[in-house]
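What follows is a single structure, written as structure tokens, with notes after it.
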Amino acid sequence: MPKQTPPVKKNETVTVTFEDLTHEGDGVGKVDGYPLFVPYGLPGEKARVKVVKVKKNFGFGKLMDVEEESGDRVTPPCPVYYQCGGCQLQHMSYSRQLTMKKNQVENVMKKIGHLEHVPVHEPIGMEEPWRYRNKIQIPVGEKENGELKTGFYQKRSHNIIDMESCLIQDETNDGMVAAVRRIATDLGIEAYDEESHRGVLRHIMVRTGQVTGDIMVVLITRTKELPHKDGLIEQIKEAYPGVKSIVHNVNRDKTNVILGKETTVVYGDEYIYDSIGDIRFMISAQSFYQVNPTQTKTLYDKALEYADLRGGETVVDAYCGIGTISLFMAKAAKKVYGVEVVGEAVKDAKKNARLNHIDNVEFYKGKAEEVMPWWRGQGLRPDVIVVDPPRKGCDEALLASMLEMEPERIVYVSCNPSTLARDLRILEDGGYETKEVQPVDQFPQTNHIECVTWLVKK
Ligand SMILES: C[S@@+](CC[C@H](N)C(=O)[O-])C[C@H]1O[C@@H](n2cnc3c(N)ncnc32)[C@H](O)[C@@H]1O
């Protein structure tokens with residue numbers, strides 16, 4: 001066979017018409033059948049593209065100029081959108097974002113799961129797909145004039161973009177970050193410098209309870225001391241008199257991990273509160289809590305509908321985190337068992353059960369793939385199993401014990417459609433029928449999509 005050489009060269013400029021979108025949201029244009037992946041290109045658009053990387057079977061390009069624009073193109077409202085690595089889809093109308101996400105789910109259902117028959121519903125989007133995040137963790141740097149700046153990292157780098165606002169963040173979070181930045185600059189607090197591992201203030205984290213209005217500020221420093229602590233606290237309280245909690249966290253390590261192990265409450269409470277539906281949650285600086293509670297509620301309502309609980313059922317919630325789904329299910333079931341590998345999350349789950357006076361739920365710390373076979377050995381036969389695994393999907397041993405437990409219904413919540421499709425195939429082969437998949441857009445403006453899937457025993 002003659003060796004095929006790609007029809008483009010690095011740094012060459014070519015004209016392409018985009019035909020499709022990748023799962024990441026990049027435009028796909030072809031040159032003599034050779035695909036070029038181009039960030040910010042939209043299907044139907046004709047554009048000049050500079051080739052930046054050439055591989056054997058595909059290449060990458062940079063969008064130089066759009067000659068024929070798609071009706072789906074919108075002006076990104078964020079002034080740093082093209083530098084920041086946080087959002088990928090602001091150049092696309094929201095309805096096109098939802099179509100893209102639906103196509104992605106349908107695609108993997110067919111290609112990975114061989115589930116051509118499974119209905120994938122229209123994704124449930126947000127009415128207002130902005131300002132939805134309840135938590136910001138933003139790096140701190142220094143401008144040339146010595147003032148502090150805050151911003152996310154530039155794409156594929158650790159350069160901090162100087163930004164005033166993040167449009168997917170709750171406005172309170174934005175306002176608090178700006179206030180802390182100004183106060184810390186006035187007090188002469190130094191920013192942390194990643195390269196030299198010197199300086200003080202590494203990150204500012206702000207969490208707000210969207211229902212309660214509670215605010216928590218976490219100041220993360222390299223140093224054990226929080227310089228000008230009293231002044232900082234007083235001025236933050238002056239700027240936001242309602243602030244419920246100010247926390248100092250020390251992270252002395254040279255690491256990308258944001259929070260260190262030492263946490264001290266320097267003002268107010270250790271916890272703030274928020275609610276999803278009628279369940280209240282206690283949230284500490286270290287706790288995991290869903291970042292878009294509005295859409296989480298939508299997702300869990302759907303999970304509850306698929307679980308079809310009448311009050312007499314036993315439910316297993318595998319990969320239960322802080323027990324959000326377990327607590328939702330417990331209100332409608334006889335008994336819920338949750339399993340989660342992170343000990344702190346299990347403690348939070350138990351606390352939240354007590355806070356809500358829910359006593360028909362038990363949480364276990366352990367690997368789901370080890371605890372489930374043990375439960376089975378103990379004779380546990382759940383009517384419904386809910387799983388909500390991390391991006392890599394369910395462990396094979398867990399899928400095997402789910403099949404052995406033979407629940408009537410399985411509800412699979414997933415943040416990665418590809419591993420979802422892979423696991424659904426295994427469950428189908430093991431005797432379950434996938435009835436439907438409901439995507440829910442938890443993260444508008446980004447290329448992520450959450451799905452909830454309903455399976456029944458054949
Ligand atoms: C997508 S989150 C689910 C969160 C949970 N439903 C909630 O809303 O809080 C996945 C969870 O699985 C946990 N996890 C990861 N691997 C696990 C394993 N092998 N066994 C049990 N839990 C695991 C993670 O710590 C995380 O809390």
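Backbone N, Cα and C atoms are what each Cβ position is placed from, and that goes for glycine too.
A TrEMBL annotation is a machine prediction, not a hand-curated record.
Because the structure is a prediction, the values reported are computed rather than measured.
Feature annotation from TrEMBL assigns active site, nucleophile to Cys415. Look at TrEMBL and you will find Cys415 tagged as active site. According to TrEMBL, the feature S-adenosyl-L-methionine binding site maps to Gln290, Tyr319, Glu340, Asp388. Look at TrEMBL and you will find 7-65 tagged as domain 'TRAM'.
Cα spacing between Tyr319 (S-adenosyl-L-methionine binding site) and the residue listed as 'active site, nucleophile': 13 Å, rounded to the nearest whole number. Just so you know, the Cβ of Asp388 (S-adenosyl-L-methionine binding site) picks up 23 other Cβ atoms within 10 Å once every protein chain is counted. The Cβ of Glu340 (S-adenosyl-L-methionine binding site) lies under 8 Å from the Cβ of Tyr319, Cys320, Gly321, Gly323, Val346, Ala349, Phe363, Tyr364, Lys365, Ala368, each on the same chain and at least six residues away in sequence. Just so you know, of the recorded positions Gln290, Tyr319, Cys415, the Cβ with the fewest other Cβ atoms around it within 10 Å is the one at Cys415.
In three-state terms derived from DSSP, Gln290 (S-adenosyl-L-methionine binding site) belongs to neither a helical nor a strand segment and is classed as coil.
Mean model confidence for the domain 'TRAM' (7-65) is a pLDDT of 96. Note: the domain 'TRAM' (7-65) comprises 0 helix, 35 strand, 24 coil (DSSP; helix = H, G, I, strand = E, B).
Shown in sequence order, Asp317, Cys320, Gly321, Ile322, Thr324, Ile325, Ala345, Pro389, Val413 are the same-chain residues outside Gln290, Tyr319, Glu340, Asp388 whose Cβ sits within 8 Å of the Cβ centre of the S-adenosyl-L-methionine site. Under DSSP, Cys415 (active site, nucleophile) is assigned to coil, being neither helix nor strand in the three-state scheme.
Residues Gln290, Tyr319, Glu340, Asp388 are recorded as binding S-adenosyl-L-methionine; their most distant pair of Cα atoms lies 16 Å apart. Counting in whole angstrom, the residue listed as 'active site, nucleophile' lies 8 from Asp388 (S-adenosyl-L-methionine binding site) by their C-alpha atoms.
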